[in-house]
């Protein structure tokens, strides 16, 4: 069973009071001390004054009050030492300071510090007659003298004779707050993972240190995201900075219950130190507010009038004041807030911790609950409220109850959670509710422009309503897609079922397959039904009568689709109906019917309202025989309708923007398209009957034209001068149309695999907007036309598999970024005549596979932006030494360079080197790269099938890798990374049969199990080195495009708790480098070694639990395996041996690694690198984000934590 234990308290001690005040009553009780106590209490500080015990209470009770206080204020006055009671107090206070860090603030009221310290002046007499106090106990008297001296040396305050007492009290209060914060700060609860980072972000926006402005900050987010919690933490940590402060809770509820005038009176009462201000008599008390620096938090604000009534205008507040408005309505903040903090969801780790703390009282689940915990965390999607309520409901229940609860939640949302979330829905008006439910039930994740068009009506401007829903945190619009939280989605669908829940035909929105089958088979639908979305994967068959849609007269949305088969899935057998339906509702706006089983639409259907029509994979031959009113149509998709003959019925679709006819293999006429003057997108891919475009065919608005796969298309003419993307891939054209310069907006020209294409137009260079030119696979193309003028926009030029032997003059392609010239492996013809790339300073990716290159020019180093260089299958024997100056180079592909004998010093930022199959390679530079300590830069060196590398060379490679891992790990610790870093810092691979001897844990097979020594996870722990030997020789070879060597580690404690991680040791990805890649085949054993940084919450596990060492990991296991590109385990190769070492940071003076040879050259060069790096420009050493190649590298070296705990 799952049991909870108490989590850490939010306070550090069990103190009942903030401050104990020690004073001499006769001196100050009725003036200074009474003022001080009143002032402290007015600022919210809990004060104990020993005046309460003057009536004869025992001194032991007085000492108890000192012990129950966080700090003491000692008011030294003229007669203070004449009271043995006061002396006892100060002795006890100083004892507590020494033993328990009790805070002490001395105030010297009309007495000098030196008199207290040296017992002179008024403090002298009592110590001249020691028998009068403490019965002459000399030891006690000496202790009191030391206490007085120590107290007087503490920084405190001397009462100013000629200054204002209120100003003096202000200073005391400020210092008291500071000391209380230091002694017992508002400790952020450890049962709220993620709250610290969120509160700091809010504090940044509030800019507390700036007293020259009044600042209003909004805290925004959906219900249950933690807005109030974050603001409350910030409030409690900072309220002491202000003269007045108040946190008004739940204004929406309290304003309805008590009214805004009451809340405003309450606010003023707190801000003005309890003064009763009659708002009705005095109006708004601006003068009172201007005199104080205030901190106000308004929680759960839902209306503009609440802000106006409670806060008013900013100019009535004193500079330095701060106001926080907590709301789920962004619109309220647009004119009232200077900045807005949007509270994010919890990430996976934070969510798992919060859930486990609620249920188990620890940061991780017990072993039997791991998988179910992951499922519940996934269900909550980072919403703290959901995690707390779910955890509360699961507390003390066994695993069977958990399983049943999870199954129940898949169908029925949690009632308590839904009740909380519905408050947001109930605040909407009718139009907002309608649009919200349509999105939740039907259109979640669709494009926002599409949804607004579909939901638009005479009464509703859906675009405005969607913006309002976004402002209220009920939906988000990201990358033009409309999204909502999973739990809000579930809430919307639950609300959608509520009306007439027993009669499906009377509900407005239907998606349950049983309900839909019922109303279609029994014709029980009514005009109430607004939308029907049927997932055909959930039903076997439906008897569809011709009159099935007759009663659904108000139906607007109809969709029959298959979630299991996005492509053709033979869905026509589902509907058992021999004839076309008699009727479709004329109010249909949205009609999607995948695999529509009839050859036309109902003849009496008037599509005057139809905006979106999709009949992919249908049996339709034509839409209608007669012309229809289709002016509302904007999107039509008839893709893969193999029987479609023509487009009759669409000639009046003058507002159509997108027409998809992909795979309509019987279509050969496009006459109706001529009238589509608003058409932007036309897809005719794989229309194999299409031989040419109609003469005089012009569509001025067209921007994307796809003719790829039209195998019979031999001729192409320009049909729009507005085209931006032109796809002619795989067509039979022999030349591109002349006068192509008229395509002044053309960005992409795709001529891939046009095998009959022999010529490109001479005026190609006049395409001034062209960014990407794809010529790959144009095997008959032997040359490019001269580039007579600069093509400044061209960034991508792909010429793989062509017969081109001379590249164009690259000086006119000065902004070229990616150039690929890869020739097939079977092509033994002459390669490139020259390499004219020296002037391309922006070139970042260069692919030159199988180009018969035997030498790189020295000017190659001028390609200062180059990040990916592929030279595979060339005749190079060595690389120029100047290659070291390619400081941006991340990836170097040298696969199958069979003549390559040596490698010089390579660029310092290189992250991925693949020298597979370099059979002549004997020597590598020492070091291979200068190990710059760029933060979190990972490196992979692959030397598979490099059989001439001797053992010394391999050891040097490993030594360099280990040195670099130490430097990177030290940098990582220096930057104090938080979270989980399991990436391999360095990974190497080479032919071999043995685990290096310095690996302390070695086993045959693929599993290591070991007990952990005490204190193994000390402050110098930085990760692990891992090693495996993989055999390929008993197999025909590994043919996967990707191979990853992975390790699943499991750390377990005595009490059964555990945490599991997945490491990556390295491997390869054939898509890295050459675009003409092929799976590699290995025929021998290979060694894989990696050094993995491991900054994981292991310390937190042991330190933050109250079970002490029982929670500290005491055993560990490491299981190694191999996966392919689909993450499936590989069975075609075997792990023979494995090894593991923990890594610890070296002392600064340690110049050696344990058990491994490090050459002097490596040590010397690394030291030089550490010195040199300080003098380099930031652009040289910063970590660059490089798009595709960077993604490929990280994809190769990435690793993951399995859901926090093991999944």
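Placement of Cβ uses the backbone N, Cα and C atoms for every residue, glycine included.
For 15-180, the entry in Swiss-Prot reads domain 'TIR', with the evidence type sequence analysis. Averaged over the domain 'TIR' (15-180), the predicted model has a pLDDT of 84.
Summarising the annotation, Swiss-Prot assigns active site to 89. Mapped onto three states, the DSSP output places residue 89 (active site) in helix.
Under the heading domain 'NB-ARC', Swiss-Prot lists 201-445, citing sequence analysis as support.
Sequence annotations record features per position, and here Swiss-Prot assigns repeat 'LRR 1' to 607-630 based on sequence analysis. Tertiary proximity for the repeat 'LRR 1' (607-630) is limited to same-chain residues at least six positions away from its ends with a CB under 8 Å from its CB atoms, namely 450, 453-454, 556, 567-569, 571-572, 586-601, 636-641, 643-653, 656.
Residues annotated as repeat 'LRR 2' in Swiss-Prot: 653-676. Tertiary proximity for the repeat 'LRR 2' (653-676) is limited to same-chain residues at least six positions away from its ends with a CB under 8 Å from its CB atoms, namely 630-647, 682-691, 693-694, 696-699, 706.
Residues 639, 654-671, 705-717, 719-720, 727 of the same chain lie 6+ residues outside the repeat 'LRR 3' (677-699) yet bring a C-beta within less than 8 angstroms of a C-beta in it. The annotation repeat 'LRR 3' is assigned in Swiss-Prot to 677-699.
The annotation repeat 'LRR 4' is assigned in Swiss-Prot to 720-743. Sequence-distant neighbours of the repeat 'LRR 4' (720-743) (same chain, 6+ residues past either end, Cβ-Cβ under 8 Å): 685, 698-714, 749-754, 756-761, 763-764, 766-767, 769, 774.
The feature repeat 'LRR 5' is assigned by Swiss-Prot to 744-767.
Positions annotated as repeat 'LRR 6' by Swiss-Prot, on the basis of sequence analysis: 769-791.
The repeat 'LRR 7' annotation in Swiss-Prot covers 792-815 and rests on sequence analysis.
Under the heading repeat 'LRR 8', Swiss-Prot lists 840-862.
Below 8 angstroms of C-beta separation, residues 817, 822, 825, 831, 837-838, 840-857, 892-897, 899-908, 920, 1073-1074, 1184, 1186, 1189-1190 of the same chain, each at least six residues beyond the ends of the repeat 'LRR 9' (863-886), sit close to that stretch. The repeat 'LRR 9' annotation in Swiss-Prot covers 863-886, and the record cites sequence analysis as its basis.
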Distant-in-sequence neighbours of the repeat 'LRR 5' (744-767), which means Cβ under 8 A and at least six residues beyond its ends:
703, 708, 721-738, 773-782, 784-789, 791, 793, 798, 812
Number of Cβ atoms other than its own within 10 Å, given for residue 89 (active site):
25
